[in-house]
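Encoded as structure tokens, the structure appears first; notes follow it.
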Amino acid sequence: MRRTRYSALFAALLLVTLAACGPAAPEPTATAVAAPTPTATPEPTPTPSPTPEPLVEPELIFQSFSDTFTAPDGTVVLTVSYTLPDFANQASSAVLTAIADWYTAEGEALLENASLRAQDAVSDYEVSQAAGYPFQATAEEITSELTYQSEGVLSFRREFYANAVGAAHPTVLRMGEQFDRTDGHKLTFSECFTDGLAAAGAAYEALLQSEAVAGLVSSGAVTAAQVEAAFQPDHFYLTGDGFVFWFQPGELAGVSNSPLEVTVPYSALEEYLLPWITTD
């Protein structure tokens with residue numbers, strides 16, 4: 001048994017030795033792989049800009065938003081009547097449709113706000129009744145007009161008027177909007193200029209030199225700093241003479257019942273004014 005075990009061991013060692021002395025296995029041959037050919041990125045196809053629709057002459061009409069609000073006993077506490085711009089031919093112009101839609105949304109929002117104020121008016125009425133005081137219903141009204149149009153813009157002026165029956169002075173506020181005639185969006189002051197900040201500064205300087213504001217400053221009713229703080233460039237509408245800026249009642253001392261309006265001529269802002277604002 002011992003010889004057999006050694007014989008088997010010797011045979012195994014011999015096989016290992018022969019394998020070690022045999023010829024070396026051939027090295028693997030590297031196979032050349034062709035480099036991928038770069039694929040050219042196709043140039044993007046330019047998207048053509050939409051062609052502006054031809055100018056459509058606006059046929060101005062008005063849309064009305066009105067309501068009457070009463071207390072539970074039927075007493076009228078608030079009436080509102082808001083007249084906003086609309087167009088008889090808006091169906092022939094996407095631009096006019098966009099502008100009319102803006103005013104429709106505005107009218108609906110005004111009615112919603114009026115309904116909230118009516119709740120306060122009902123409360124005031126009930127308190128007055130309980131205390132034995134007379135109650136004065138309030139009437140609100142908004143009127144609108146087209147003040148300017150060019151190839152590039154339509155400008156509207158609105159006036160808000162509110163008065164309680166028997167009150168000494170009504171509340172009068174000014175509003176105004178400008179719309180781009182290429183797409184119907186509402187324009188800001190800055191969108192009318194190449195440099196909105198510089199144009200606002202030029203407008204402020206022109207305001208200070210106007211008869212109305214200069215008179216208030218020279219009389220001591222307001223200071224130039226107070227005018228600057230109250231001046232809001234987006235409070236404007238356009239006319240053939242220029243930009244009409246307004247200060248609401250109470251924004252400047254000495255101006256309490258009605259808005260103060262000041263016209264800044266286009267020439268005072270021409271360094272920055274975009275030409276399409278005034279192109280007929």
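Glycine is treated like the rest: Cβ placed from N, Cα and C.
Residues or ranges marked as signal peptide in TrEMBL: 1-24.
Summarising the annotation, TrEMBL assigns region 'Disordered' to 30-55.
Annotation comment: TrEMBL describes 39-55 as compositional bias 'Pro residues'.
The domain 'DUF3298' annotation in TrEMBL covers 229-267. Same-chain residues lying 6 or more positions outside the domain 'DUF3298' (229-267) and placing a CB less than 8 Å from one of its CB atoms are 147-148, 153, 155-157, 169-174, 176-178, 188-190, 196, 199-200, 203-204, 206-207, 210, 212-213, 216, 219, 221-222, 273, 277-278.
Applying DSSP to the domain 'DUF3298' (229-267) sorts its residues as follows: 4 helix, 15 strand, 20 coil.
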